[in-house]
There are 2 protein chains.
Amino acid sequence: MILSALLTSVGINLGLCFLFFTLYSILRKQPGNITVYVPRLVAEGKRLLPTAGWVKKAWQPSEEEFLSTSGLDAFIFMRMFIFSLRVFSFGGIVGIFILLPINYLGSQLSDDSDFSHKSLDSFSISNVNNGSNRLWIHFCAAYVFTGVVCYLLYYEYGYISSKRIAHFFSSKPQPQQFTLLVRSIPVPPGSSCSETVEQFFKEYHPSTYHSHSVIHRSSKLLSLITDAEKLYKRFTQINQKSDAAQRQRRNGCLACFGHKADSSDHYEKRLRDIENDVRKEQSSLAGKEVSAAFVSFKSRFGAAIALHIQEGVNPTEWIAEEAPEPHDVHWPFFSLSFIKRWIGKLVAIVVCTALTILFFIPVAIVQGLTHLEQLEIWFPFLKSILRLAVVSQVITGYLPSLILQLFLSFVPPVMIMLSSLQGYISWSQIQKSACTKVLWFTIWNVFFANVLSGSALYRVNVFLEPKTIPKILAEAVPAQASFFIAYVVTSGWTNIASELFQLFPLLRNLKDRIFCGDNADFEAPSIPYHSEIPRILLFVLLGVTYFFLAPLILPFILVYFCLGYIIYRNQLLNVYVPKYETGGEFWSTVHNSTIFSLVLMHIIAIGIFGLKKLPLASGLAVPLPILTLLFNEYCRKRFLPLFKAFPAECLIKKDKQDQDDSNMSEFYDKLSNAYSDPTLKPIKFDGRHDSHTTPLLDSSDV
Amino acid sequence: MILSALLTSVGINLGLCFLFFTLYSILRKQPGNITVYVPRLVAEGKRLLPTAGWVKKAWQPSEEEFLSTSGLDAFIFMRMFIFSLRVFSFGGIVGIFILLPINYLGSQLSDDSDFSHKSLDSFSISNVNNGSNRLWIHFCAAYVFTGVVCYLLYYEYGYISSKRIAHFFSSKPQPQQFTLLVRSIPVPPGSSCSETVEQFFKEYHPSTYHSHSVIHRSSKLLSLITDAEKLYKRFTQINQKSDAAQRQRRNGCLACFGHKADSSDHYEKRLRDIENDVRKEQSSLAGKEVSAAFVSFKSRFGAAIALHIQEGVNPTEWIAEEAPEPHDVHWPFFSLSFIKRWIGKLVAIVVCTALTILFFIPVAIVQGLTHLEQLEIWFPFLKSILRLAVVSQVITGYLPSLILQLFLSFVPPVMIMLSSLQGYISWSQIQKSACTKVLWFTIWNVFFANVLSGSALYRVNVFLEPKTIPKILAEAVPAQASFFIAYVVTSGWTNIASELFQLFPLLRNLKDRIFCGDNADFEAPSIPYHSEIPRILLFVLLGVTYFFLAPLILPFILVYFCLGYIIYRNQLLNVYVPKYETGGEFWSTVHNSTIFSLVLMHIIAIGIFGLKKLPLASGLAVPLPILTLLFNEYCRKRFLPLFKAFPAECLIKKDKQDQDDSNMSEFYDKLSNAYSDPTLKPIKFDGRHDSHTTPLLDSSDV
């Protein structure tokens, strides 16, 4: 790629971004779009009309205000941007003002064209002459940059830990702090699970045991209730329409006034049937106990004791883990035994690895099937159209990339599915695990697939011969510098702008408004961390690895993170509603991914100094990854335990605070029922029912 | 090696063993040798004269009796033999009656010599024709053998776990069950460590905290006291000699009646000086507190709570670990901070790896220096002797192997030193860690060094290219079959017989008896697990890897384990005194090593079926190591936690038992002082003093 082409691309994409920004600023002021652009405020019952100056509004709230409105997870999501901005500000200054001129002054590539026709490679390390002593500046830059990144990582981990502790201290008593999920309960014959649990905990934790609720095998019931809810929603919609003719936005509805009375009766009858089924199922469910229970304790420290000390003599029985928030519980998959869950986990890992490595094989096959000739055979009647030059160009040029995008869009849901197979008990844990999976998938299929062009098997092979990795990467990575610069500009910038624009929700909203939908099934969305975090971390990886190879990438990445910072702040304040609170557990993914990026950069450095005939620098770079990994190991010891569980000091202090609190007896009453299965709550569809849906998602608020 | 040569070697070594046995049976009956052959009985104050029929006596005690006299660690040491005997009985039957005939019937090596001149390779898998379907029998044997070994491993792990729990339940209250070592105590300025500890635990564990004793920086004091003890021993010896002329075995002492009175006075004066120094040092030591303390609790469960839950907000402070038995505490190395200990650990790992990998380099250099010409240059006066044919043959033939043995004998002490560098707080943990180190050292420097002949760097290189490992091993391992058969016969059998004979203690005893030593410094030895277990596990490795390659090795290994079983049983009953009780923690080393052996066998199988032109079998063998590793992972989950800490169920049951015990108040009194630093106890050398030496080792018993 030459410089002028890059500038053109930057121009086009800046234009696109500007277009999106303008459209957003216009569209968000229209009252009909409030469920797209400020669903959060709608869900919270606020009806403030959005005003201009959204950038200012997104910028204004202080860290504390942002933390209190959007939760710790969103806060940490934003810390990721702040951390990246710091890293790449430093990297950008060093890269642009020191490394870039040195690269440009080299003559290895002997590119004699004028400035605007220069290949971008002239700005990369490839242009520095072999064996040149100027490479020592790159060497020093690698060391200094690593030091700065590690310092920032350490600072950030410490800062987030302190926020996590502070958040814990400021929180009200919450059921999940007092409750454990206990699985693999060995129920003796002739006894029920509930009796066994009560007996065991009264025997071994007499002073702290509070209550428990056994889990039931309720997946059939769940599907019945889901059906009923859908029917009920439809039913209320029909009733509302006939009753409330005064409602707005009735214009445009054409096909809705058919057999109103009939269908209303029909739905009512079906609802009654299902209701009976549900009651029958509920009463028979008492016997379908699963050997798992939520056990609540009188204090946080009491729960921690039962959590940390192995309970039974057999370590595969009485397995305790922290309970998730009540509305965050993922109810299926409770019935599995220890060994089944263990196998499920193994299967998920194997499938995930296979999917990641072999992803491009089915994509390539499907893309291969969409050649023009093939299409002509399948759809002979289209032959004349397909032979038009324009159509054929569009199809051959666009279809393969469309197919790739289609396949890619399936990846996060598939990873979510695999993670739930692993037997996690909460939506937050599933999303966290899927986040790691998607991250590896992205790094492999975007970074390594582009760097090591060739078959999937070839790429795996490279990593089976550890000795050759630095050399191969050092040859391949700099060669792709201009591709990734273009990638940041096209994919990165556009993604972030379209995040603001919310194309799909906007279209859905438009559809609803035209075809008499009335937003009855409106739900404020939550941010899909498992697809957003990997996408952003990929740019951190690109920035870190290309920092000393092709520093020209850094300004574009800086622009990406600046845009991202302000846009995601806006989205988190106005669009996304936090669905759960992990207390910042996502940070360890960010930390690990950054460490991986650094080590990858070091391996490439070792290779490239070798290629550039500077074996001494290559040898002296070897301690760099080792030191980085040791630093990581220290961070794991220093900070990670705080993200796994709270220390005794915090728990006991917090428990002592509660002792003076007069609301605790009320809380204990609630605690007993906090984790009862939603499907077992009484169901009544002729009035309001608030089973199953969480308060945040309750559709009746609109 | 040909068959007749093997038989000769077997004959010679059997003869040697028989000689050792006979000598042992004669020598042990002599009263003068009781400290060599039954030191344990001597140490325990029994003066039974040993009788004949030691094999019967060693055989007789039941498992329960053996367990109660020799402790759980010795019991597990013997279970290692029982496990190996079971494995190799099965393996031997399959190998000798099924695999051996098949190998012999092959014609790949086309060895036409008569039976007694057949090469041993004719009995190995190398002799089976390439691509022969008979190899499928080897393939099945590998699967079946793996299954049997895994079943036995599972059974044994379960059996030992149950013994461990039973041992815990039958034990009396012991200080280490109630005590934790707490390190990295953050002492605020202006406060002492003792105050900080008391304040912290009274605040956060008010109901269970009992007492604590802070650790002092006492290494200078320790060396003073050690000096004093040596002097005191010498002093009492001299006094005893002059006082008690009636003592036996005075004949033979020639040079002892010199300046008796003079030296007695001299020693007394020096002792008084040191005593003053010690007192001065002790009084100044109160200020030299180290930020570590032994904290005792009122119940086992209370200690477990403080152990398992992270105490402070900073995970690198208030680090708790289980306290060792009071007499097992390794007092140095307490003063180090978290980060220093972490660095110490890293350094130990690096040095240990370097030592293991590069061990042969210094050996080869030293061996290279002992060429005749070199010796002639160094010791020119020996020139005429060195030129004698006999002398030169002995030197060139024997000196290199002597040097190797000398270097090898330094390995266990060096590993002990490295392990103590890692900051372990007890002799048992140090020995356990050294055991693992010596094991890897042995496997690398005996097994791999012989299999992969070539430079150390070449061997390391092999493992850096994972894809080629199976092929290289499959070529190299069968080629060394006859070497290892000879190794089992010569090194294995002789080692075990000399273990019985106790050559060095016997010589020392002889020296003492001749040169007027009077056994005053007699100490019953404890078994050096860290050098014995790796040596035995090496034979398990040889048996497992050669099971289907060269089954001829199995009968010899069986003989080894039969001999070992009866001899070690005898030694553990009569010679070795248990110095500490880990509750069977050594078993995990045995388990892991066996799993490693199995996986190594599988990797060789994958390679050899490939070499033998049976790619299908090679491919079908791939699941074997994966399944074995999964089995290991399951065992780690199922059994390992029991060896790390006791579950709540056991602790609470045991605590409840104690509540009815009337001796507990007395025990609590003792508990407060159980872990006070031995160097800080009052010292008085003119009477008896019982500081520092443990009751078991107390020299005053003789």
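Glycine too: its Cβ is placed from the backbone N, Cα and C atoms.
All TrEMBL annotations are machine predictions without curation.
Annotation comment: TrEMBL describes A:683-692 as compositional bias 'Basic and acidic residues'.
The compositional bias 'Polar residues' feature in TrEMBL is assigned to A:693-702.
TrEMBL lists A:5-156 with the feature domain 'CSC1/OSCA1-like N-terminal transmembrane'.
If you look up TrEMBL, you'll see A:345-609 marked as domain 'CSC1/OSCA1-like 7TM region'.
If you look up TrEMBL, you'll see A:674-702 marked as region 'Disordered'.
Sequence annotations record features per position, and here TrEMBL assigns transmembrane segment to A:6-27 (among others).
Look at TrEMBL and you will find A:87-106 (among others) tagged as transmembrane segment.
Taken from TrEMBL, the feature transmembrane segment applies to A:135-154 (among others). Long-range Cβ contacts of the transmembrane segment (A:135-154) within its own chain (Cβ-Cβ under 8 Å, at least 6 residues beyond either end) map to 83, 86-87, 90-91, 94-95, 98-99, 102, 125, 128, 544, 547-548, 591, 594-595, 598, 601-602, 605, 609, 612, 614, 617, 620-621, 624, 627-628, 631, 635.
The transmembrane segment annotation in TrEMBL covers A:346-365 (among others). Within the same chain, residues 403-404, 407, 411, 414-415, 418-419, 421-422, 437, 440-441, 444-445, 449, 456, 459-460 sit at least 6 positions outside the transmembrane segment (A:346-365) and bring their C-beta atoms closer than 8 Å to a C-beta of that stretch.
Taken from TrEMBL, the feature transmembrane segment covers A:406-427 (among others). Beyond the transmembrane segment (A:406-427), the same-chain residues lying 6 or more positions past its ends with a Cβ under 8 Å from any Cβ of the stretch are 181, 321, 323-325, 328-330, 332-334, 336, 341, 344-345, 347-348, 351-352, 355, 359, 362-363, 366, 433-434, 437-438, 441, 528, 530-531, 579-580.
The transmembrane segment feature in TrEMBL is assigned to A:439-460 (among others). Proximity of distant same-chain residues to the transmembrane segment (A:439-460), defined by a Cβ-Cβ separation under 8 Å and at least 6 residues beyond the stretch ends, is recorded for 352, 355-361, 411, 415, 472-473, 476-477, 480, 483-484, 533-535, 537-538, 541-542, 545, 589, 593, 596.
Note on the transmembrane segment (A:536-568): residues 10, 17, 55, 58-59, 77-78, 80-82, 84-85, 87-89, 91-92, 94-96, 99-100, 103, 120, 123-125, 138, 141-142, 145, 149, 439, 442-443, 446-447, 477-478, 481-482, 484-485, 487-489, 492-493, 496-497, 499-500, 589-590, 593-594, 596-598, 600-601, 604-605, 608 of its chain, located 6 or more positions outside it, place their CB under 8 angstroms from a CB of the stretch. What TrEMBL records for A:536-568 (among others) is transmembrane segment.
Residues or ranges marked as transmembrane segment by TrEMBL: A:589-610 (among others).
Among the features that TrEMBL reports, transmembrane segment is placed at A:616-635 (among others). When Cβ-Cβ distances below 8 Å are used as the criterion, the transmembrane segment (A:616-635) is approached by residues 135-136, 139, 142-143, 146, 150, 153-154, 157, 591-592, 595, 598-599, 602-603, 605-607, 609-610 of the same chain, each at least six residues removed from its ends.
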